Each structure stands twice: as structure tokens, then as C-alpha cells.
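S.K.: Below is the structure I would like to discuss, written out as C-alpha cells.
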Amino acid sequence: MSKVMIIMLVGMIFAIISTVSGGAGCSSMGASCQIGSATCCGVCNVHTLRCEARIGPPINTQPTRRTQPTRRTRGPKVTRSSRPTNRTRRPKPTNRSRRPKPTHRRKPTNRPRSH
């Protein structure tokens, strides 16, 4: 198992050296970088704003945060506008069904045939 650990350490050292040497458009470790820029092949540290030899830039985490609130706001806006209209329309037919009942009782009193 010790040989496997040594091979893993050599692989990590080689990966760090490859980022330090840099290729086209790659800045060396310790160089100043901007968040979201592709000049740093590793990771641009947010606190120190320095290049670090890590695979997987943090640019992938930003669009997931931006897309989640847009999905949340689009859904409830349609349901909120339709819910109050349904609530106001539902009690109206119940009131209309109750109102004609006293009018039917009043009609025979308004028609005096004895005179």
C-alpha cells in the first residue's frame, strides 16, 4: 500500500508543477487573478485573489446559484395571480343563490288581487 501512496503523491506533485510551469493563457501559482477569469488554470482563491493548483474552477458554482432564484420566482408568480381571483369568484354564486329566495316570497305580497 505504501507504493500506491507514493505514486499518488508523485501524481499530485506533477499536477502542481504543471500548473506552475503553465501553458497558453495560464498564470503561475501565487500570481494575482480575478474571479471568473480563465487566466488561472487552477483555482482563483477568493480571499487572497491568488492562483492555487486545484482542478475545477469555481465558475461552475456561480450559474447554479443564479438559475435557482429565477426558477423560484417564475413559478409562484403565476399561481399567486390566479389564486385570489378564484377565491373572490367562489363565494359570489353562493350569495346569488340565497338572494332570490326572499324575492319569491315578496312577489305575492306585491300583487294584491283583492282590490
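In case you wondered, yes, glycine gets a Cβ from its N, Cα and C as well.
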S.K.: Can you tell which of Cys41, Cys44 Swiss-Prot lists as bonded to Cys33 through a disulfide?
M.R.: Cys44
S.K.: Given the disulfide-bonded residues Cys33, Cys51, which one's Cβ is surrounded by the fewest other Cβ atoms within 10 Å?
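M.R.: Each of the disulfide-bonded residues Cys33, Cys51 was scored by Cβ atoms within 10 Å; lowest is Cys33.
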S.K.: Expressed to the nearest Å, what is the distance separating Cys33 (disulfide bond) and Cys51 (disulfide bond) at their Cα atoms?
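M.R.: Each residue's Cα considered, Cys33 (disulfide bond) and Cys51 (disulfide bond) end up 6 Å apart.
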S.K.: I'm trying to understand the geometry here, so how far is the Cα atom of Cys44 (disulfide bond) from the Cα atom of Cys51 (disulfide bond), in Å to the nearest whole number?
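M.R.: About 5 Å separate the Cα atoms of these two residues.
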